[in-house]
Amino acid sequence: MAFNFSEVSDGGVEDTPMVYNYKDPASFFASMLMIVNGIFGLVCNTFIVYIFIKERKERTAFNVICMVRAIVNFYVLTTNHLALFVPMTLLGKPIVSKALETWAICMSNSLYMANEYLTVVIALNRFISLFFPLYYAKLCGMKPTIGILLVMYLYRIGAVTKETINYTAINCYVRYYVEFLSWSPDFDPQCQSNSGIMTFMAVTFGIVSLLNAATFLKIFKFYKNQKQEDRESRKKIKKNVYLFIQTVMQDSLYLIDISFTFYFFFFYENRFWTFFCGTFVWQSLHSLDGFIMIMFNERLSFLKKQLFQPLASKVSFVRVSQAPSRTHSQTG
């Protein structure tokens, strides 16, 4: 997510005489993509929060995690992409001070990392639900879940606050560059620090993979011996299957982010490519995260009905009307 733009450009920022603003086709198109993608993400994540608040039956520990993710997604999409990156791209210049811009980007990035902590919490939630159902309420109930979430997010907010104060104190900043349509921290030697981000990513991915693998084996064993389970057990297992699929899909977003940040980004030395890898993919993760939660939300099942029932009705109508249509001349 952080890029050294000196590696993808033949010259520095000052070497480019072109003015990048709404008159530049790439800047304009990038802005429109961010606006459409951002609005889509805001709508999806707002639905998740609204359903949680409106429906009492939806207030489960798992849905608390989803709601918090949705709130963070909404915050990042609003403060970073729609309120900061889009205006800067259209105007071709900063709209706030370097310090404020740094605070906005660092806070959003830190909350995004907290969301990645949640991948472990969610995977553990599914694991305990399947392997230790008798202890699920005690270990993964509402109160323990809320406690874990508070600790995680307060830690991330406190950590990024301390880091940003120290960072800006030595005149180091994290900024969005309209020349590259992406953001990057300073790469001066004094601004470099070992954040351990790669170690964190590797450990997180490893833990989540192990938990998901164990969960998948449990599900596979259930389907293999499905006849031995009673009806209530089958119902619970099937519900866990849906939640497991949701978890895997959300985890895959994390893998996509890592791939574009540390691998695909270096494929091309192109301005729009840096936008796609550094800005659009990051924004899309928060939008798609909300969309995935909508797809698996029981209270939003009306979406499935709207999508599939008209087709089913149409097929049913054709089948019923075939016989009368052949005798229409006799009854007319």
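Glycine too: its Cβ is placed from the backbone N, Cα and C atoms.
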TrEMBL annotation of transmembrane segment - which of the ranges 111-136, 241-266 it falls on: 241-266
Model confidence over the domain 'G-protein coupled receptors family 1 profile' (44-245), averaged pLDDT: 85
